[in-house]
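Input: one structure, supplied below.
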Amino acid sequence: MSDLALCRAQLQIDVGNTRLKWRLCSQNEVKARGFLVWSDFSGPPELLAQLAVALAGAAVESVLVSSVAAAEVAVAIDQWARQCFDVEARFAVVSPRAAGVDVGYDNPAVLGVDRWLAVLAASAYQADGVVVVDCGSAVTVDVLCGSQHRGGYIVPGLRLMNAALFQDTARVRVVPDWQVSGLPGRDTVSAVSSGLPLMVAGLVNEVWSRQLAQGGGGQHWKVLLTGGDAPLLVALLADKMEVLVVEDLVLDGLSLAESRPLDRGQGLI
């Protein structure tokens, strides 16, 4: 990464339950990106050591973090940033209003910061409304109408649903080969592999249809998909939907949160 040493960069990190995603940005351009899977490492120190290897030579000036992990992970990241780059890691928080968007939760503090950042990023897309779907360990569906976050839905992700399906049965655990045809399965593996993605797609289709039926926000709605399982859903969503897969939606929101501080005079980070 010697070429990265020539430009001063911002390291952006999205800490999820399954993966840690990162990217280096300089002058509004992404210079490098990657991810690490938590299960491949014994804990935060080992994972962060590997991240340091991936970033070797990079001239990191600032570190921004979205994290839904435990507090000790945040502490580890901050210590790592200080040791590696002599900078303090800054962590995103949820606020009642940011970047022109009003949060839809009665208590903003209980909204996941990753969901909030994804909603902020969605506000940059030109549409009457946006259905934001993050397909990770859990599947979250958030509704943004104009500048108002209307709240959302949370259901188990595909792997959690598969694990729960066979948790209390005598059957051998099924390892799905996810199918996006929507066709009925002709054995247990294919039935699960087809059925679970169809369930998630059905939720997204229903949320989108309900928003159009309720009216009041116009008829031009987009669906933004992000998260590791996002590509699986595209073929299962209604043909008339305008669907976009946005790989770094949370990190895009992190950039937006820093560049456009809270309307009430405080920074989001």
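Cβ atoms are placed via backbone N, Cα and C, with glycine included.
Bear in mind that TrEMBL entries carry predicted annotations, made automatically and left uncurated.
Reproduced below are the annotations present in TrEMBL:
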type	residues	note
ACT_SITE	ASP114	active site, proton acceptor
BINDING	ASP14, VAL15, GLY16, ASN17, THR18, ARG19, LEU20, LYS21, SER137	ATP binding site
BINDING	TYR105, GLY112, VAL113, ASP114, ARG115, THR188	substrate binding site
BINDING	ASP134	K(+) binding site
As a test of the contact definition, list every same-chain residue at least 6 positions from GLY16 (ATP binding site) whose Cβ is closer than 8 Å to its Cβ.
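Listed in sequence order: VAL68, ALA69, ASP114, GLY136, SER137.
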Same-chain residues six or more away whose CB lies under 8 A from the CB of THR18 (ATP binding site)?
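Residues satisfying the criterion: VAL37, TRP38, SER39, GLY136, SER137, GLY228.
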Just checking: which of ASP14, LEU20, ASP134 have a Cα that is within 10 Å of the Cα of ARG115 (substrate binding site), counting only these binding-site residues?
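Taking ASP14, LEU20, ASP134 one by one, the ones whose Cα falls within 10 Å of ARG115 (substrate binding site) are ASP134.
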Which three-state DSSP class does the residue listed as 'K(+) binding site' fall into?
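Strand, per DSSP.
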Taking the Cβ of TYR105 (substrate binding site) as centre, how many other Cβ atoms lie within 10 Å?
16
Sort out the sequence-distant neighbours of LEU20 (ATP binding site) for me: same chain, 6+ apart, CB within less than 8 Å of its CB, listed by position.
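Set apart from LEU20 (ATP binding site) by at least 6 residues yet with Cβ under 8 Å, we have ILE13, ASP14, PHE35, LEU36, TRP38, LEU47, LEU51.
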I'd like the Cβ neighbour count for the residue listed as 'active site, proton acceptor', meaning other Cβ atoms within 10 Å of its Cβ, all protein chains included.
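Excluding its own Cβ, the residue listed as 'active site, proton acceptor' sees 27 Cβ atoms within 10 Å.
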Hey, how far is TYR105 (substrate binding site) from ASP134 (K(+) binding site), Cα to Cα, in Å?
18
The record lists TYR105, GLY112, VAL113, ASP114, ARG115, THR188 as binding substrate. What's the largest Cα to Cα distance among them, in Å, rounded to a whole number?
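With TYR105, GLY112, VAL113, ASP114, ARG115, THR188 as the binding residues for substrate, the largest Cα distance is 40 Å.
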